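Peer 1: Okay, so Swiss-Prot annotates it like this:
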BINDING   GLN85, GLY103, GLU104, GLY105, LYS106, THR107, ASP493  ATP binding site
BINDING   CYS821, CYS823, CYS832, HIS833  Zn(2+) binding site
Amino acid sequence: MANILKTIIENDKGEIRRLEKMADKVFKYEDQMAALTDDQLKAKTVEFKERYQNGESLDSLLYEAFAVVREGAKRVLGLFPYKVQVMGGIVLHHGDVPEMRTGEGKTLTATMPVYLNALSGKGVHVVTVNEYLSERDATEMGELYSWLGLSVGINLATKSPMEKKEAYECDITYSTNSEIGFDYLRDNMVVRAENMVQRPLNYALVDEVDSILIDEARTPLIVSGANAVETSQLYHMADHYVKSLNKDDYIIDVQSKTIGLSDSGIDRAESYFKLENLYDIENVALTHFIDNALRANYIMLLDIDYVVSEEQEILIVDQFTGRTMEGRRYSDGLHQAIEAKEGVPIQDETKTSASITYQNLFRMYKKLSGMTGTGKTEEEEFREIYNIRVIPIPTNRPVQRIDHSDLLYASIESKFKAVVEDVKARYQKGQPVLVGTVAVETSDYISKKLVAAGVPHEVLNAKNHYREAQIIMNAGQRGAVTIATNMAGRGTDIKLGEGVRELGGLCVIGTERHESRRIDNQLRGRSGRQGDPGESQFYLSLEDDLMKRFGSERLKGIFERLNMSEEAIESRMLTRQVEAAQKRVEGNNYDTRKQVLQYDDVMREQREIIYTQRYDVITADRDLAPEIQSMIKRTLERVVDGHARAKQDEKLEAILNFAKYNLLPEDSITMEDLSGLSDKAIKEELFQRALKVYDSQVSKLRDEEAVKEFQKVLILRVVDNKWTDHIDALDQLRNAVGLRGYAQNNPVVEYQAEGFRMFNDMIGSIEFDVTRLMMKAQIHEQERPQAERHISTTATRNIAAHQASMPEDLDLSQIGRNELCPCGSGKKFKNCHGKRQ
């Protein structure tokens, strides 16, 4: 282990030496750039662009381009990047993460690689965690970029598609991670290419990269459509039942945060809902409602996991930032169960139309880099999942902050009593204090205690994050006391007021350890910026979540034996033990994220295939007849091959029914037309007849443009419907394969195999539906509407297909379970009308 650590440290030192040499080359251009007039300096941008177009690489332009930005920043912003900032910029250009401490000027560091990569004309995305930071950085740094001749855009959620498109067309685009993700998904749902807003993803520079790529890695971005099924009554019934339970009626696993009914709970459910057997297959839906009601009532906590807004809405609280996540909802019915629990209006369940995780969104960029003050603890994850290295950059001035050993108390009450006493003492001498909490509930509790102690203070949490920047900016003033949840105010520097340095600088107090060391380090890093003095102190209790999860029982005995109910234990060994517990949790979390990625990679591969083919259809300025005719041919082959083992007369009858109800006019084909033909000849005969019907359908359309429009909307409509159903099916499969792990099967392998089979079935189903709609649509000659922005075009109105129905005289007992259902759904018989047999 010691050798591994030594190797890592040596590698880092070697990297720093290499970066210092590269930074020196940038500095050699300093005098040359200083001698240029403003116009000459601005002209460098045009020169660099021409050199790039003529074959020079961005790497070869780096030294000169960085020197131009340094000089430009000095003239426009009054800031001159230090050597360590130039080093950080080089790391960013190479697609890695420079670990730079709080206050080291990450925003200015980013200007150099952003400028250099924008010269390619392919677009640079600067990604921030919230819109306030996007607007702030775009306004401040945009002044420099514009002066140097580059265009800057800001992409906000409130902007129209046209405004978004303009923002993405700029050389540099500032946006939040979620908005880039949603724009990507929406672009892959439009019917016309001109309605897409993004260009191909080129280079992303992610601010607070650990927050987005690690903490939110598992968060799927979901575009949903409402599901019409009215289920609010079931949510209320399940909630009423769950609230009637005693503690013995359910079992909670604290470590994994799971819950289930005990035998007595099952008996009560069967009595309450008047059932013979709760776990009968007919009650699968009901058990889902009960499971969600259990989680909502006994796992999800008000003011910790969520808050109830004044508008009677349930808002999720981000566990890492302490902010409410506007517009986000728990999926799979959990959000509705919480709404029932809190007695607020239940919103309709939604159906997923498109989804992607941040892991797969950001892996689609040609080059990805990011900035953070605390990335080294997650280096393995950055390297394995994103192929990014984390390189620690030295501080411009030595860090002077004093990090005290943790103080451990027996109870939460005695811990908070000590916190309030410490805050009061520091307030009285004028030293500013920042108190970091894990939950909204904790910050409210401490606030009440400080009010009682007569200590004026500000509270920054999910309930008032709109004042965030203002509160944080004042947190370093003499006598300021600020309570903040976790990461609130990240990205805004706390600058020390007059006379504060002499009092020891800003003191950061942590009220408990987070399960991630990185989050604790981020809290500590709010103090001691740019060589300022500062202090940090964590207060823990045996009743904290992290301590309960990892061995507080042994320590509890020590407190009881020594009769130390109000006193604290302080030791470096204790701090190391806590950090060891955190490492275990981090390891578990990493494993979970890695497994999520393995599952999501199945979806990613399938999504890329669908989106690529969809893009090809949208951008096609050609007749799509060859594609549609190929679909008709493959559908015919599937139907004929699907009945290959049936008796001859049964086979012919099934094929004839398919042809009548899905392919040809009903009275245009009889059994005699197919009798005596081989399977190959049947396929050819039906295909030739189908081509005539196709030509007849197309001839009803007014002109070539109308044909193209009809073909596009026909294909896109079918693909989007089937893809939406497929996403839901994959979600259900993922839940189901987890159970197969108990049968010694690898759930991921099972999911990959089953997901691949389902995808192939979906492709078959898409081709079946396109065939049926193309051949059976009632096409009317109509004028094309002028309003281009409406997706409801002539073509969508023209598709008024006959709903293929099951012939009344058909003997269903003769149809094989794995054959295609003759109703024309495109599903296998066992999954369609065969379910009723």
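Glycine is no exception: its Cβ is also placed from the backbone N, Cα and C atoms.
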Peer 1: Around the ATP site (GLN85, GLY103, GLU104, GLY105, LYS106, THR107, ASP493), what further same-chain residues have their C-beta within 8 angstroms of the site's C-beta centre?
Peer 2: MET100, THR102, LEU108, THR109
Peer 1: What is the total of other Cβ atoms whose distance to the Cβ of LYS106 (ATP binding site) is within 10 Å?
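Peer 2: Excluding its own Cβ, LYS106 (ATP binding site) sees 22 Cβ atoms within 10 Å.
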Peer 1: Near THR107 (ATP binding site), which residues of its own chain have a C-beta under 8 A away, given they sit six or more steps off in sequence?
Peer 2: ASP137, GLU140, MET141, ASP207
Peer 1: Could you tell me which of these binding-site residues, GLU104, ASP493, has the fewest other Cβ atoms within 10 Å of its Cβ?
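Peer 2: Among the binding-site residues GLU104, ASP493, the lowest count of other Cβ atoms within 10 Å belongs to ASP493.
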Peer 1: If the ATP binders are GLN85, GLY103, GLU104, GLY105, LYS106, THR107, ASP493 per the record, what's the largest distance between their Cα atoms, in Å?
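Peer 2: This binding site's residues have a maximal Cα-Cα distance of 17 Å.
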Peer 1: What is the number of other Cβ atoms found within 10 Å of the Cβ of GLN85 (ATP binding site)?
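Peer 2: Step by step: centre on the Cβ of GLN85 (ATP binding site), count other Cβ atoms within 10 Å, giving 28.
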